[in-house]
Amino acid sequence: MDRLINIAAPPLDTEEARARREADAPHSPVASFPGETLRLDAGLVLHDLQIAYQTYGEPNAARTNAILVCHALTGDQHVANVNPVTGKPGWWETLVGPGKPIDTERFYVICANVLGGCMGTTGPSSTNPQTGRPYGLDMPLVTIRDMVNAQAMLLDHLGIERLLCVAGGSMGGMQVLQWVASYPERVVSALPIATAARHSAQNIAFHEVGRQAVMADPDWHGGHYLQFGVTPHRGLAVARMAAHITYMSDQALHRKFGRRLQDRALPTFGFDADFQVESYLRHQGESFVQRFDPNSYLYVTRAMDYFDLAAEYDGVLANAFRGSKTRFCVVSFTSDWLFPTQDSRAIVHALNASGAPVSFAEIESDKGHDAFLLDEPELSDITRGFLDSAAKTAGLPVARDR
Ligand SMILES: CC(=O)SCCNC(=O)CCNC(=O)[C@H](O)C(C)(C)COP(=O)(O)OP(=O)(O)OC[C@H]1O[C@@H](n2cnc3c(N)ncnc32)[C@H](O)[C@@H]1OP(=O)(O)O
Ligand SMILES: N[C@@H](CCO)C(=O)O
């Protein structure tokens with residue numbers, strides 16, 4: 001019988017997986033801030049902050065060519081090249097690299113693992129300096145604004161005063177919007193993709209299902225599973241399966257799998273993964289738990305839920321951008337029902353009302369929300385054109401013809 005998802009490989013917090021993560025250390029520099037604190041929206045203070053990051057390309061002499069890329073919910077700092085933990089290409093290798101739209105021969109690209117994450121930046125699996133044990137749920141909740149404030153500390157550490165662009169999709173796009181609201185003078189241009197200025201009720205609902213799956217796993221132990229030497233990987237896998245459906249469109253699921261059966265001619269009349277789509281989702285769940293920490297999943301989904309940029313500005317989104325000189329390019333995808341085009345339009349309307357320069361593109365695609373991670377030629381063209389124009393405004397040398 002093959003009714004349950006099969007977590008064959010070691011989950012993230014076994015000794016073996018820890019060793020794999022530690023093997024990443026030479027690849028990911030970690031910025032530490034001894035003696036400094038980060039004040040969080042939750043009203044608490046974080047000590048001994050650590051931020052794991054990657055850079056690609058070189059800063060120019062005036063340090064005016066930096067682009068900050070912000071990752072989505074379960075991304076990490078490995079935006080390009082090979083991710084040493086998964087052995088797979090970086091999550092935005094379609095856009096970032098030499099000669100690519102975010103051209104690392106021209107730009108100095110920085111990407112940091114978010115606060116609350118599990119790839120080297122302080123998160124619930126980090127050691128709580130007050131107890132010497134992993135934080136677990138004793139880690140204070142973090143918000144998108146907290147993530148951005150931590151990134152600002154990293155930029156100070158790297159000697160980058162101003163960003164030529166801040167770019168990202170989904171939760172990365174939320175960080176882009178927050179960057180302009182919090183640090184307008186530090187951002188020349190902004191590229192928020194497949195995102196929203198506030199998380200919808202429907203999206204909060206999906207996240208709650210995922211969190212309940214994690215917390216219902218008997219191995220969760222109130223969030224202190226590391227002390228018990230186990231990981232609630234089954235709950236996390238179920239959470240990912242449910243979430244993954246929301247990252248795709250109905251058309252894409254139909255195109256990829258339809259009602260086809262997996263490795264069999266007839267249904268089993270049982271609960272095995274008869275259908276290809278079931279097998280695919282199980283695979284997505286099983287592979288996710290090899291690279292992600294269950295408590296981090298709780299924290300980062302919660303940060304998205306709390307995001308409501310207008311709420312910080314008397315309920316008027318335009319006020320978040322008023323006076324900002326940042327140039328925007330807002331992008332959405334036609335088949336993205338998780339962050340539909342109407343969410344992007346709301347951002348564009350607010351930017352118009354605030355007087356900010358903004359362009360908007362809705363890209364025709366049947367790939368759903370995760371289209372921003374896939375090879376979408378129109379996204380590449382828009383990104384290249386937008387960055388060329390931002391670079392020109394900033395007085396950088398023009399791009400070579402390709
Ligand atoms: C910033 C960030 O967001 S980083 C995090 C982004 N990364 C993820 O979210 C990782 C998981 N998500 C995905 O894989 C997303 O679908 C994407 C967008 C990143 C990739 O999409 P695609 O290239 O279309 O890949 P697809 O969704 O078809 O998945 C391919 C995988 O499914 C597996 N698969 C395909 N069909 C089946 C099936 N019938 N049964 C079992 N497994 C299957 C493939 O073997 C492949 O496995 P692998 O990834 O372990 O090599
Ligand atoms: N699939 C991506 C996008 C989610 O918004 C991720 O897991 O981060």
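Cβ atoms here come from the backbone N, Cα and C positions, even for glycine.
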11-32, 363-384 - the one TrEMBL records as region 'Disordered': 11-32
Candidate recorded positions Ser170, Arg240, His369, Asp370, pick with smallest Cα gap to Asp336 (active site): His369
Cα separation, Ser170 (active site, nucleophile) to Asp370 (substrate binding site) (Å, whole number): 9
Whole-number Å value for how far His369 (active site) lies from Ser170 (active site, nucleophile) (Cα to Cα): 8
Among Ser170, Asp370, the one of these recorded positions whose Cβ has the fewest neighbouring Cβ atoms within 10 Å: Asp370
